[in-house]
Amino acid sequence: MDLGLIAQFLANGIVLGTMYALVAVGFTLFFGVLDVIKFSHGDVLMLGTFAGFTVWLGLEAVGIINPWLQLVVVLIASMVVTAAVGAAIAKWLVLPLKKAPPLNTLLVTLMLGTAIREAVRLFYPDGSNPKAFPALLPDASIDLGGFALRADSVILVVAGLLLIAGLNMMLNRTRLGLAIRAVAQDEETAQIMGINYMLVVLATFAIGSGVAAFAGVMNGLYYNEINFGMGLLLGLIGFSAAIVGGLGNLYGAILGGFLFAGLQVVGSALLPFASAYKDVFAFAVVIAIMAWKPTGLIPERASERV
Amino acid sequence: MKHNINRVLHSFGLMTTTVAGLGFGSVALAADTVELGFIGPLTGGVSSVGLGGRNSAELAVALRNADPDSKYHYELQVLDDECKPNVGVQVATKLAANNDVVGAVAHYCSAVAMGTVDVYHRFGLPMTVWGAVLPDITYGNDYPEITRVNGTMINQNEVAAKFMTEQGYKTWAVIHDTTDYGKGHNKYFSTYLAENGGEILSSFGVTSDQQDFTAELTQIKQGNPDVIFFAGLTPIGVRVRQQMDKLGIDAVFQGVSGIKSDAFFDGLGGDLAEGSLTFLEGAPAEKLPGGEYFLSEYEKAGYDRSPEAYGPFAFAAMDLLIDAVETVGPDREKIVEYMGTVENHESITGPISFDANGQNTVARITSYVAQDGAWVVWEDSEYADGTRSLPGMK
């Protein structure tokens with residue numbers, strides 16, 4: 001195997017890893033703050049991507065064709081929609097069930113995800129067919145000895161990593177971040193200290209969902225295609241990545257995302273049998289890791305071990 | 001009303017003339033409705049083909065209903081199999097369990113047809129396939145209920161392998177989906193390619209909803225094949241072609257009949273699709289014996305989408321089924337018997353003759369190339385006359 005080939009695999013893996021990490025970050029934020037699993041995450045992401053796509057169609061219709069302007073508007077639209085939907089789910093579905101067993105939250109969001117998915121399939125015009133997502137990024141590429149490095153992939157990865165870094169800084173350096181961490185650590189004490197609990201929870205869900213929308217648009221730009229089912233596998237992979245990395249830990253989510261992408265690439269590149277099994281391979285390794293480290297590779301510091 | 005009276009006249013002869021004239025015509029009308037079924041993928045990634053097939057089948061029914069000489073009034077039940085075997089079995093059972101339905105024209109997706117043939121057999125419902133190409137649908141069983149008007153992937157791949165090697169290509173990489181459809185194409189194409197001296201460097205099975213093909217394509221790029229042979233349907237065909245470009249692979253993209261749809265261009269845009277190849281049994285509608293008639297009627301009916309590649313077959317299959325009802329009456333058993341005897345039956349796709357397995361022997365296969373955002377018959381294209389050339393062609 002020559003260097004160009006390895007570089008190509010590496011590049012593919014990094015793009016995928018960034019996408020998975022962005023989704024996993026949402027799972028980890030929600031769990032950190034409320035100790036809940038929100039299974040509709042992937043489908044909210046899909047909804048946001050479709051919202052962005054619709055806005056793009058609108059922009060085309062009114063004649064705004066500058067790709068950079070389009071990109072910014074599409075990104076803002078889809079992130080705002082997802083953030084709003086995420087916050088709404090927190091307010092009306094997750095918080096009211098706070099006293100109920102966690103299984104109920106999991107089930108409710110699981111069903112909500114299916115409802116969102118089917119709603120897009122049935123009610124979005126021609127929603128069951130894949131849509132051609134526009135290529136808004138420059139498509140220049142440099143050929144480095146059998147390895148095509150594309151400008152759009154580089155931009156996507158850099159933007160995705162910057163977003164994660166920004167999120168990390170927000171959590172560690174700002175008052176909102178402090179409040180989120182306080183609520184995550186001890187909800188009652190945080191409330192006594194005067195933190196607006198409801199506001200912090202809603203903000204967390206809005207931020208987590210908005211980040212996922214970025215992953216959705218990134219997915220659309222990378223593959224130039226979106227469909228109503230795209231959130232299902234992305235959500236599942238993001239969830240697994242968050243668990244493997246250590247639920248409730250931001251670095252764990254990032255590690256998990258890249259690990260999963262790495263496993264997929266290894267699964268299809270190195271294994272002798274057909275690449276149709278790459279997801280089987282990746283998920284099987286995840287199972288093995290969970291058996292080895294039940295709380296994930298980087299466990300939440302304040303995790304309550306039983 | 002007049003037509004009904006005429007019909008009764010024909011059937012019962014002179015003696016009944018007075019009776020019918022006295023007002024029994026309306027009774028005859030009520031008894032004369034015959035229900036038929038159509039199943040295809042009306043939603044999902046390949047729905048454009050399914051809807052084109054449905055429109056064509058509807059057209060066959062509408063034309064016959066407008067024909068004063070037809071003995072019955074036909075009603076079409078349309079069901080959606082979503083190109084999913086589990087859904088297909090459900091809707092096939094629903095259709096077959098309805099005793100009012102005497103016959104069906106069904107399925108574009110081979111994996112679905114493979115799952116449903118047993119259902120039709122169990123209920124004794126005559127079913128004619130209008131689009132699925134897996135040989136086993138007719139050859140894998142001895143059910144007299146199952147017939148097929150379109151050809152199989154055996155003929156398709158025989159021609160494809162010969163055509164491609166004649167263009168001077170030597171090496172291939174294969175990506176096929178792991179359904180019966182993709183695996184079947186892979187099997188027959190590999191066999192015929194070996195006979196023609198082509199070499200397959202690498203082969204990958206992928207799931208039919210896979211999103212990312214960069215890992216497979218990266219490995220393919222390593223071998224630097226002349227052609228990438230893709231055996232699957234339009235949605236993932238679009239993804240594979242798109243990601244080939246992202247990785248800078250400039251091999252020829254050779255598909256199978258599953259990508260011969262206008263949706264291929266909708267998903268890709270003209271530039272990337274340019275120079276892709278595909279093969280389809282039969283010929284384009286306008287070149288078929290009854291093609292001109294079919295297309296003009298289709299246009300007159302005012303459908304908002306094209307009949308797509310298999311529309312003429314759906315039309316021919318429905319027309320054949322109606323002919324059967326006209327000849328032997330609305331009776332499942334008799335129709336099955338009738339289908340067993342079909343030989344040189346006139347249709348817009350050319351004469352239909354079923355062999356012992358109910359397979360129409362379509363000899364003609366047409367090669368297509370994507371040119372300026374449309375599938376063009378190879379012989380008529382600018383690629384054949386040398387104005388343009390495919391990647392790697394000398």
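Backbone N, Cα and C atoms are what each Cβ position is placed from, and that goes for glycine too.
The feature transmembrane segment is assigned by TrEMBL to A:6-32 (among others).
Taken from TrEMBL, the feature transmembrane segment covers A:44-65 (among others). Counting residues 6+ beyond its ends, the transmembrane segment (A:44-65) has Cβ neighbours under 8 Å at 23, 73-75, 77-79, 81-82, 85-86, 89, 113, 116-117, 120, 124, 131, 133-134, 209, 212-213, 215-217, 219-220, 226, 228-231, 234-235 in the same chain.
Marked as transmembrane segment by TrEMBL: A:71-94 (among others).
According to TrEMBL, the transmembrane segment annotation covers A:144-171 (among others).
A Cβ distance under 8 Å defines the sequence-distant neighbours of the transmembrane segment (A:197-222), meaning residues of its chain 6+ beyond its ends; these are 15, 18-20, 22-23, 25-27, 29-30, 32-34, 38, 41-42, 44-46, 48-49, 52-53, 74-75, 78-87, 89-91, 94-95, 133, 135-137, 152-153, 156, 159-160, 163-164, 167, 170, 176, 179-180, 183, 187, 190-191, 230-231, 234, 238. Marked as transmembrane segment by TrEMBL: A:197-222 (among others).
What TrEMBL records for A:228-247 (among others) is transmembrane segment.
Per TrEMBL, transmembrane segment is recorded for A:254-274 (among others). Within its own chain, the transmembrane segment (A:254-274) is flanked in space by residues 9, 12-14, 16-25, 164, 237-238, 240-246, 280-282, 285-286, 296-298, which lie at least six positions past its ends and keep a Cβ under 8 Å from the stretch.
The transmembrane segment annotation in TrEMBL covers A:280-298 (among others).
Residues 26, 34, 36, 38, 40, 44-45, 47-49, 51-53, 55-56, 59, 64, 105, 108-109, 112, 136-137, 198, 201-210, 212-214, 216-217 of the same chain, all 6+ positions outside the transmembrane segment (A:71-94), place their C-beta atoms under 8 angstroms from a C-beta of that stretch. Take the transmembrane segment (A:144-171) and the stretches A:6-32, A:228-247, A:280-298: counting Cβ pairs under 8 Å, A:6-32 has the most.
Remote same-chain residues near the transmembrane segment (A:280-298) are listed as 240, 243-247, 249, 251-252, 255-256, 259-260, 263-264, 266-267, 271, 305 (criterion: CB distance under 8 Å, separation of at least six residues from the stretch ends).
Sequence-distant contacts of the transmembrane segment (A:228-247), counting only residues of its own chain at least 6 positions beyond either end whose CB sits under 8 Å from a CB of the stretch, comprise 19-28, 31-32, 37, 39-47, 49-50, 113, 116-117, 120-121, 124, 127-128, 212, 215-216, 219, 253-257, 259-260, 283, 286, 289-290, 295-300.
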